[in-house]
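TrEMBL has this to say about the protein:
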- Glu131: active site, proton acceptor (ACT_SITE)
- His130, His134, His140: Zn(2+) 1 binding site (BINDING)
- Cys141, Cys146, Cys165, Cys168: Zn(2+) 2 binding site (BINDING)
Amino acid sequence: MHVDIVPVGDLPAAVKREASSGLRSVYDCEVTIHDNQPVPEGAYDSGREQYRAEEFIELAGRVGSGEKNIAITANDLYYRRRNYVFGLAYLSGNGSVISTYRLQTSSDGGFSERSATDIFADRVRKEVVHEIGHTLGLEHCDNSRCVMNFSPTVREVDVKEENLCGSCQRLVL
Ligand SMILES: [Zn+2]
Ligand SMILES: [Zn+2]
C-alpha cells in the first residue's frame, strides 16, 4: 500500500515525520509527502471560526497520489454537529484528514512523565493510524488500548496505543 501525506497550510517538518513514521510502522506501507497545499477555498466557516473537515478529505483524495491519502492541517476542524474533530475519514474511502490543532493541549492524563513534545508526537501518530484504519474499512473498536478506539478527547488518545489490536489486525493486515 502507498499512503500519500498531503500537508495543508503551514505544517512543521516534525509533524510530517511523525505521521510518516507512524504509518510505516503500523501498516508497513510506502509513505510519501506531497507538496504543501493551500487551505481549500470555502472550507472556512466564519460563523464557527473553524474549517469543514470534508473539504480537506476531498482535497487529499483529489491531489494525493497514494491508494490512500491523508491531509494534515494545523487548522481547527469540525464535522456536522460535532464541536471539533481530531480527524475524519469515510469508511473505505481514499481520502482522510487529521488536524493537529487540538492535539497540542497539555496532557490531562497525568500518568506520564514524558515531554509535551513527545506526547504531541504520539498523538499525531495515533490519529493518522486511526484515520487510515477507517479508509481500510475498520470501524471503531471497543478495546480502549486499540488505536481504532473512538477518542474524542486527548485523554482517550493518550490511553490508547499506536497499534491495532489483534482483532483489528486480522481484518486488515
Ligand atoms: Zn474514528
Ligand atoms: Zn481494535
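The backbone N, Cα and C atoms fix where each Cβ goes, glycine too.
In TrEMBL, annotation is done automatically, which means it is predicted and not curated.
Excluding Cys141, Cys146, Cys165, Cys168, which define the Zn(2+) 2 site, the same chain contributes Leu138, Asp142, Asn143, Arg145, Val147, Met148, Asn149, Leu164, Gly166, Ser167, Gln169 within 8 Å (Cβ to the Cβ centroid), listed in sequence order. All protein chains shown were included, and the count of other CB atoms within 10 Å of the CB of Cys165 (Zn(2+) 2 binding site) stands at 18. Only Cys146, of the binding-site residues Cys146, Cys165, Cys168, have a C-alpha within 10 angstroms of the C-alpha of His130 (Zn(2+) 1 binding site). In this structure, Cys165 are the recorded positions from Glu131, His140, Cys165 whose C-beta falls under 6 Å of some atom of ligand 2.
Counting in whole angstrom, His134 (Zn(2+) 1 binding site) lies 11 from Cys168 (Zn(2+) 2 binding site) by their C-alpha atoms. Listed binding-site residues: His130, His134, His140; maximum Cβ neighbour count within 10 Å falls on His130. Between the alpha carbons (Cα) of Cys168 (Zn(2+) 2 binding site) and Glu131 (active site, proton acceptor) lies a span of roughly 13 Å. Around the Cβ of Cys168 (Zn(2+) 2 binding site), a 10 Å sphere holds 21 further Cβ atoms from the protein chains shown. Each residue contributes its Cα atom, and for Cys141 (Zn(2+) 2 binding site) and the residue listed as 'active site, proton acceptor' these two points are 13 Å apart. Apart from His130, His134, His140, the residues listed for Zn(2+) 1, the same chain places the Cβ atoms of Ala89, Glu131, Gly133, Leu138, Glu139, Cys141, Val147, Met148, Phe150 within 8 Å of the centroid of those Cβ atoms. The number of other CB atoms found within 10 A of the CB of Cys141 (Zn(2+) 2 binding site), across every protein chain shown, is 20.
Other Cβ atoms within 10 Å of the Cβ of Cys146 (Zn(2+) 2 binding site) number 21 in total over all chains.
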